[in-house]
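Visitor: Handing you this structure, nothing more for now.
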Amino acid sequence: MVFSFTFPLYVSLFDSFTYWRHNYSHQCTVPFIYFPGNASPRFMRVSTYTFPSTPEAARMAHLPLAAIIKPFARVPFGEAPPALLVSREWGPVCCSNCGAVICPFFEFQDCGQRFRCPFCTCITEGRITKHLDKSGKRVDAQIRPELCHGSYEFLESPSNRQLNSFSGNFGTPAFIFMIDVSLKPIRDGTVYRICQELRSILDMLPRDAGTEDSAVRVGFVTYDRALHLYSLNPSQYQPHMLVISDLEDLELPLVEGLLVHLDKCRDAINSLLDKIPKIFVETEESEVVLEPVIQAGLLMLKVGAHLSGLTSSTIWFGNTSLFQPQDACLPLVQRSVAQGCGLDFFLFSHDMIGMATLGQASLLTGGSLYMYSSLVDEGEQFQMDLRHNVQRHIGFNGTLKVFVSKGLKVSACFGSLQSSSIPGEYKLATVNADNTFVVEFTHIGQRLCLFWAPQCVLSYTSASGQRRTRVHNMTLNSSSHLVETFRNSQAETLLTYFCKKAYCELLTTPGKTLRDSLVIELTEMLACYRKHCSSTKVSPGQLVMPQFLKILPVYLNCLRKSEVLLPSGHNSVNERAYMRCWGLSMDTKETARYFYPRIVQLPLSAVRCSARSLSSHGVYLADNTQTLFLWVGKAAPPELAQSIFNMPSFNNVQSGKCVLPNLNNSISQTVRDEIERLRHQRSRDMQLLLVKQDEESENRFKHLLVEDRSPNGGASYPDFLYHVHVSAMQLLK
């Protein structure tokens, strides 16, 4: 049988794509409703909101069962954050069998003296008697957030440690800034700029809601081939520097003032940051060490912390392969996790050695990796990234537990965490507002009830040193009909799952194998839907896809031909390792925008990511979460140049980084507002680059045209869709 794809059919596949893409799918960019007792999709969302009721149906569907969890997702202005509850001496009520925390789906019996756990179905004796209404609900349910809300948080009393295995000293966490002061960053002014930015962000350190000042302590370390520690003891007239040149079997002397509170030592800190560039101005040291610096930071701590390494010349460990970190880093990472210490790295050069190791170290400790070509070109971006990094909501020494209804089990988790010996339990050195995790479920038994109930429980130390437990709950339908499972599936959630899974497995599996597996999984998924869910009136050669999975083929094709899985000469080895780390840290919304960028023709009319959608008479704004592009057609009217740049034509505007002037006209206002809105949505700052049609600057922009055949050999969307269709039909023979 021969299958032919005509252009009208190709377009019809996207009839609902534009509407769905801009009005339904993007995470929390449009108004939404979630039922009482269910967490907002900002915090938790799933691959399908109807899980199969039997293992056989789950295997038949070939549809991954997964949840995307973002515990500290930012809550927009006007929306209430999770309620904070002060737990009593015994702590939050928990199931005596599995340890799940009280939630709206607990079934109370005997005037509230006993309750049935919705996860393990065991009965637990209650400690407080409360009357039940006629429906069996507690009469106080509507005034207790843990009985009616999907998300809430407990402030634990010092005597309660039942929900976590943290056994350290409960003091206030710290931020330690580690600055490379070798020859290169001193000479090019990087150290001076870093010190100036650090002065400006100290008042932005994280603080718990309702507190006026941050309780986080700060410390500073400079390094080249030696370590320089600084005592900021307020009783001293000026900061004292301690130099450690013997870095083997590193031990720190007992010195007060290495970690201090900002309100007591602000003058000493400002003095130190002013002096650091001057102290090393005559340096000739070009080699640096970083591993001992992190070891020193860990020795300075008794509680959780964030270590921020700011460097231009890191030489650390080295790599065994492109994405494989060196084994020598693992003990240090494990120690960081044990102490609740996250590792951030700000890299000011693309010539780093050991990028895979640095990226994996930051990933496994809940930190972030930032890379810039230089502060000269990207100083403003560094400034915004640094400010976002230090002021975002953060927790230290966390334990994440995922509970799920009987019949399912947690089979895998991908993200900034490490597994423990207990299934469904994970250790997090730190967790911040940008960290996103993917939890995969496996069917192990039939579900007799009408719903499934996953729960996420995160215990952590807050910025003020308080031990807290944040809980997110959700209920999902259960059905034996696969049509319901597919009908309630989510393409962007599936893309996030496949991305994080593939990028994690890239450490042990060849890229080609991962690319092929994506095609196989998509083909089996579509073949199942065609066989078990489609109408009998469908013609034999017609391509049939679920409504909300119609864009999944284009998403997965974009993932297959991404620079991480399918290399080309466009990106360096370090850039590919960096992009892998970025992909593993993105949430659902950023993942979808990264793999299928948003391109709008000014004034803001969305088009598809294909060269055929671009007119030489138009000007387009594109966003892929990393960079903003302003693409100018070679025949663009001068009126647009006048309205946007106050220039007679685009010939008067240089390609490259640009800043739009504040002009008093509707087009200028619309474009600047849209750019500001997009930057506000992102976890990292984005540069605005001007590219012109048929100029060399356009090459980077062409990688955003993901529906076309890519320069690295990736298939176009029509070709990929045809291949998947043929393969699915062959499975049905």
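Placement of Cβ uses the backbone N, Cα and C atoms for every residue, glycine included.
Checked TrEMBL, it gives:
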- 92-124: domain 'Zinc finger Sec23/Sec24-type' (DOMAIN)
- 172-312: domain 'Sec23/Sec24 trunk' (DOMAIN)
- 331-389: domain 'Sec23/Sec24 trunk' (DOMAIN)
- 395-477: domain 'Sec23/Sec24 beta-sandwich' (DOMAIN)
- 491-591: domain 'Sec23/Sec24 helical' (DOMAIN)
- 606-661: domain 'Gelsolin-like' (DOMAIN)
Visitor: Take the C-beta pairs under 8 A between the domain 'Zinc finger Sec23/Sec24-type' (92-124) and each of 172-312, 331-389, 395-477, 491-591. Which stretch has the highest count?
Guide: 395-477
Visitor: Should the domain 'Sec23/Sec24 trunk' (172-312) and the domain 'Sec23/Sec24 beta-sandwich' (395-477) be scored as in contact, given a threshold of at least 3 Cβ pairs under 8 Å and pairs 6 or more apart?
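Guide: Judged by the Cβ rule, the two regions touch, with the required three close pairs present.
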Visitor: Using DSSP, tally how many residues of the domain 'Zinc finger Sec23/Sec24-type' (92-124) sit in helix, strand and coil.
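Guide: Computed counts for the domain 'Zinc finger Sec23/Sec24-type' (92-124) are 0 helix, 10 strand, 23 coil.
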Visitor: Can you work out the mean pLDDT of the predicted model over the domain 'Zinc finger Sec23/Sec24-type' (92-124)?
Guide: 90
